[in-house]
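**Student:** Take this structure, written in structure tokens, and hold onto it; I'll ask about it next.
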């Protein structure tokens, strides 16, 4: 009886073990078939690859090649994406990195030649950032240093040309060397005008500001009369018009192709043509054209048609285009004779005949 009872107790344990063994066998069989199917897939893929390459490759090497190919594609995609993002970032930075820079172009002269008109016309161009006032850095304030000078300049984006004008630079002995020390690549612009007309315009401005000034004839000739025929070339209105003399100093520091000469008379009669040549010189697209100008018959001077942000046309100040002082024709003739050899020399130096 005791033995029979013991056997009955062992039956459940045996069944438990058999069930465990059976389950383990099912699991093993399943793993076998799963692995066999995967291997079959790999072998089929391998066989296709071997058929194409006619080479016997181990499975590990095949996987290495596939992984390498995938990594290359991923890298290429990453590089392209990074490049696109980088380009976009660069464009964004370019649009928002306005900074104060030293000028790349300077209108260096001449006084009463049309420099203010040229500056105002050039400011229409979106790629020109111009200082409105005359800084007089290279002739009066040089001791203040380049940082002081730079801080005067308007902020500009990359690709924009920073410009300033100080007509006195052209006749100041130290200016060429000082500007060259700042930049050997700076572009120089000189507005020149018939020196006789320029001298009379200069004198007209002087008497408008200083009452009681002697007559033009008195200041032009050494003894105050034209009979002496001796022109006082050191009197400022006369001396400024000796263009060849002043240009010599600039050519000692800058090549001629780095200096652009604006024809002062044509700036009045054909502003769009002169502005087109200046834009070419500065390497800019010709945006300022004849559609921007109209001729004011009252002033005898070109004006701008409704500048951006304004509902009215814009003409230069009342002092621009004002009537000149009355000068005796014999004085004018003598001055033309005086300037003739200087003008011819200037034409030879610049390679241009201005027709004065």
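Just so it is clear, glycine is given a Cβ too, placed from its N, Cα and C backbone atoms.
Automatic prediction, not curation, is the source of TrEMBL annotations.
It should be emphasised that the depicted structure is a prediction, and the values quoted were computed from it without experimental measurement.
Sharing the feature lines straight out of TrEMBL:
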- 112: active site, for sulfotransferase activity (ACT_SITE)
- 112, 113, 114, 115, 116, 193, 201, 320, 321, 322, 323, 324: 3'-phosphoadenylyl sulfate binding site (BINDING)
- 303-315: disulfide bond (DISULFID)
- 103-341: domain 'Sulfotransferase' (DOMAIN)
- 20-44: transmembrane segment (TRANSMEM)
**Student:** Can you tell which of the binding-site residues (114, 323) has the fewest other C-beta atoms within 10 angstroms of its C-beta?
**Tutor:** 323
**Student:** Could you check which of the recorded positions (112, 303, 315) sits closest to residue 201 (3'-phosphoadenylyl sulfate binding site), going Cα to Cα?
**Tutor:** 112
**Student:** By a simple count, how many Cβ atoms lie within 10 Å of the Cβ of residue 303 (disulfide bond), its own Cβ left out?
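**Tutor:** Counting Cβ neighbours of residue 303 (disulfide bond) within 10 Å gives 21.
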**Student:** Give me the non-local Cβ neighbours of the residue listed as 'active site, for sulfotransferase activity': same chain, 6+ apart in sequence, Cβ-Cβ under 8 Å, ordered along the sequence.
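**Tutor:** Result: 193, 198, 201, 202, 205, 240.
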**Student:** For a quick check of packing: other C-beta atoms within 10 Å of the C-beta of residue 201 (3'-phosphoadenylyl sulfate binding site), how many?
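**Tutor:** Counting Cβ neighbours of residue 201 (3'-phosphoadenylyl sulfate binding site) within 10 Å gives 20.
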**Student:** Other than its own, how many Cβ atoms are within 10 Å of the Cβ belonging to residue 315 (disulfide bond)?
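**Tutor:** Other Cβ atoms found within 10 Å: 18.
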**Student:** What is the pLDDT of the domain 'Sulfotransferase' (103-341) when averaged and given as a whole number?
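**Tutor:** For the domain 'Sulfotransferase' (103-341), the model's average pLDDT rounds to 92.
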**Student:** May I ask for the distance between residue 116 (3'-phosphoadenylyl sulfate binding site) and residue 315 (disulfide bond), taken between their Cα atoms and rounded to an integer number of Å?
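**Tutor:** Residue 116 (3'-phosphoadenylyl sulfate binding site) to residue 315 (disulfide bond), Cα-Cα distance: 11 Å.
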**Student:** How many Å lie between the Cα of residue 114 (3'-phosphoadenylyl sulfate binding site) and the Cα of residue 303 (disulfide bond)?
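**Tutor:** Answer for this pair: 13 Å between alpha carbons.
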